[in-house]
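So that you can see what the record holds, here are the features copied from Swiss-Prot:
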- 26-321: domain 'Protein kinase' (DOMAIN)
- GLY33, SER34, GLY35, ALA36, GLN37, GLY38, ILE39, VAL40, LYS55: ATP binding site (BINDING)
- ASP151: active site, proton acceptor (ACT_SITE)
- THR183: phosphothreonine (MOD_RES)
- TYR185: phosphotyrosine (MOD_RES)
- 372-427: region 'Disordered' (REGION)
- 404-417: compositional bias 'Polar residues' (COMPBIAS)
Amino acid sequence: MNKNKREKEFYSVDVGDSTFTVLKRYQNLRPIGSGAQGIVCSAYDHNLERNVAIKKLSRPFQNQTHAKRAYRELVLMKCVNHKNIIGLLNVFTPQKTLEEFQDVYLVMELMDANLCQVIQMELDHERLSYLLYQMLCGTKHLHSAGIIHRDLKPSNIVVKSDCTLKILDFGLARTAATGLLMTPYVVTRYYRAPEVILGMGYQANVDVWSVGCIMAEMVRGSVLFPGSDHIDQWNKVIEQLGTPSQEFMMKLNQSVRTYVENRPRYTGYSFEKLFPDVLFPADSEHNKLKASQARDLLSKMLVIDASKRISVDEALQHPYINVWYDPAEVEAPPPLIIDKQLDEREHTVEEWKELIFKEVLDWEERMKNGVIRGQPSPIGAAVINGSPQPSSSSSINDVSSMSTEPTVASDTDSSLEASAGPLSCCR
C-alpha cells in the first residue's frame, strides 16, 4: 500500500491526554480506562456495526521489558479464541515502515463493567456460581495451552449485562514450557498466591488461588487478604488460614524458612467463621446451590500448600460449579501457541520491535485476504441441568440495575468511569 493511500485511511483525535491515530472505520472515540500498559477508549466500528474497545499500548518500545510484554500480549491474544476470554477484533499501526513504527493499537470486544463493580452488588447463588464457572472455563482454556495468567484480579475480568464473563490482559501471562518451577513475578498483591510470595516457584494452580481470593471478595464485599506490602501479605494469609505445617516449611529455601518459622504462629479460623452463612444469599431452590457448597469450594481453593490445592479441572467438577458444565465450553480445543519459547526469548528493543511489526503486518494481511478467525460467540442461553442460565430478563431475586459505562478494564485497578447502562445480571 502506498504512503498516500495508507495515510488517507487514518485520522487523529485527542483522547484524554493522548492522541489516537486510528482507522477511519472507528468513530466516536471516548476514554474509558488507562494504566501502565495502555490507554483504552470506546469507539463505534462502522465495518462491524458495533461498539468496540481500542487499546493503545503505552510506549511499547521504551525498553526491553515493555517491548517483550507488548509482543507477548499480542501473540497470545492472536492465538486464543474462547468465549470466556476477551476477543481480539483487530490490530493495526498507522506507521507504514519498520523505521517509523512506534504505535500499536489492539481492538477488542467492549464489555459493560469489570468485576470490581460487580463485587459491590448483591449476587444470588446462580449468578455467583455462573460467573465463577466462566472464570474457571477461561482459565482452563489458557492452561490447556500451557499459559498461566498470573494476574487474575477483579479489574482484569469483565462482564456484560447478560452475565457473560471474559478474562483479559495477557501482558503478564507466561507460558510454562520449561518445567514446573518458575520465578516470582509482581502481580497485584492481594491475589498473589503463597508460593509466589515466598519465592517457591509455581504451577498452573497459582491461578486457582487468585480465583479463590476473587470469590471470597465477591462473597464478603471486601478484599480477603489486604496486605500493605510483601511481608504483610503473608501475615494476612496466615492470620486467617493459620501457619502452615512443617511439611510445607521444608519446601522453602533456608533463608525464607527461617523467616517464616520465626513469625508468630497462628491457628487461623475455620471457613465457617471466615465465611458464615449470613454472608451468602439464601439457598437456591432452583438448582440446590447452597452456602455450604460455596464455602467448601473456597476451602479447597484457598489452600496455602499448592500441592494440596484444588486444580481448575477439579474446581469445574465441584457441586457448586458443575451445574453449568458444558463440554463444549470446558473442553474447547486448546489455542495453538506457535512460539513455544515465548517467555524464554531475549531480544534487543529493536529486535522485539521488528517481531511486533511482523505480527501486525501478518494480521493486516490475513484481514485483507479474509483469513481471520471467527470471534467467540455470545454465551446466549447456556443451560443448568436443562434449565436456562440467568439472563437479564430473569426474575430471580428481583434483579435491579447498576449504572456503569461500557468498559474494558485496564491493567491497573483504577481509571474506570461510571454512568449509564444496567448490569442486570446482578441484583
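Backbone N, Cα and C define each Cβ position, glycine as well.
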Densest Cβ neighbourhood among GLY33, GLY35 (binding-site residues), 10 Å radius: GLY33
Alpha-carbon distance [ASP151 (active site, proton acceptor); GLN37 (ATP binding site)] in Å: 13
DSSP three-state assignment for the residue listed as 'active site, proton acceptor': coil
Set of same-chain residues at least 6 away whose C-beta sits under 8 angstroms from ILE39 (ATP binding site): VAL15, GLY16, SER18, PRO31, GLY33, LYS55, LYS56, SER58
Average pLDDT across the domain 'Protein kinase' (26-321), rounded to a whole number: 90
Alpha-carbon distance [the residue listed as 'active site, proton acceptor'; GLY35 (ATP binding site)] in Å: 14
Sparsest Cβ surroundings (other CB atoms within 10 Å) among the binding-site residues GLN37, LYS55: GLN37
Mapped DSSP class for LYS55 (ATP binding site), helix or strand or coil: strand
